[in-house]
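Asker: Take this structure first; my questions come after.
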């Protein structure tokens, strides 16, 4: 087990395209870190560079304090789980799991002990004699994890391991992966494009975009205190609303004024923070769950506004209402008992404690 | 109301009927063309079999139908099998073929793995180059090869053929194997690399077992080419002791303008036996090997 350090790591391809543009990241021992971002953001490339499957073009990668830039994958003491499982089709489940240990010349008894222990943890003991083609997707993914566990490596690397599974199995395997990590506690780096997977699994989430790290932090921190517009929009579902507005000062207090004149009072504890931006055009960011009907328990810093729904989506435990306001799509989360109708103005409450103000020139959250 | 429903029903039946008729047509055409081609393909070997069962006198007799054997006999076969020379031809063919197949498979599996999997500068161009050499016919190559084989002192020596046949077998087998290896997902090598395998272990423990159908297909090809080669042995071998089956049967059983037809046919059939047996046993692998990539994406 070990910590992993990335220092100014760059991946450049022929023709000068940079997939990863000098990222820094420190991953602690036992930590579960998820790299998340849209496709092409460089997260898989970063993982493959840690694995040694891609050469790095600049910077250093260290595993357990040793710089591994020029060390081949087999000597990095890592194990990797692939999206398409990559099981050896001609070997039984047992042999698949034992392969890495056999190559490393472990004694037979030790291999047997480790394979059986991993099979027990993953609940695949009855499948040990089967070939991969006789297994379901979920079972194959378990075997792929088993192959990683038996090696007892310093680091586990997961490359979108659940993307090939159906929705129900994905949720189940997600829990499974979390359980395994709680049992074996190996440092884990996990790549996904699914922000729900990132939020549920990670000790810390690394949000990447265009080859750079936008923000690193525990899931709750990213949710409540996004650093950039990209993180604010990427984390959370449905995505945060971004409404063009201005900050205006009126007799010592600050207001967020939307383009149609709707005025929302800024909470007192944020006045000092936003005052330098008074009079400027900003983006008013608010999550659908913080733009809601007036049935909330928390009554502090609520700002009323009225919008006319274009689409209503009853989800059962909640209702989503979609609005169009001066060319911007806005979503609100309503109590399912609220009588919302398309085309009929709806009284809403913005939880101003939860709002975010984004500087449109830098896309940074103020 | 009934007047309006009836035409609709007829419409449906008509449509279903036309589909069924089209399918029947397709089946008939398919069966007919298969039968015709089977007859065309099988007529020569059947004729050979019938002729090999006749005495020389019966072969020469023009009165009856040539497709009928009036007094079948195995004497042609016994004569051949009792002939030491024929046995030597067979052994020469077997010796050359086994050596060529072994040599070809070692070279082409290693070459295909390197060219298809190890991605180095120029590997694409090399792979195409290997295939292009296959397009040069042996009728063109045998003249320069004669010089080379002569220079090595291997003219009129069966081992010279072992050196020459791979010019036909290696390019094609390498090409088949590159295609087959390409159908194996790259994550499999990456998993093996991470599991601790080096390139040779990856080839030996992962690629060869997974690509076995392709390897068998390539083996059958190399076997067939080597067993049936005619141009090279005709050019390079002159003494009967070194001759393989293909030219031995022809050169020794035709004396001037005297054709021992019965023995010629018996010899040709016996020579065709090993490939037939191999194809019969390994047909499924052969087809799986040749169609790999077509279905695996």
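Using the three backbone atoms N, Cα and C, a Cβ is placed for every residue, glycine included.
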Asker: For the transmembrane segment entry in TrEMBL, name the matching range from B:59-80, B:125-146.
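Answerer: In TrEMBL, residues B:125-146 carry the label transmembrane segment.
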Asker: Ranges B:2-24, B:25-47: which does TrEMBL label transmembrane segment?
Answerer: B:25-47
Asker: What same-chain residues lie close to the transmembrane segment (B:25-47): Cβ under 8 Å, and 6 or more beyond its ends?
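Answerer: Long-range Cβ neighbours of the transmembrane segment (B:25-47): 66-67, 269, 272.
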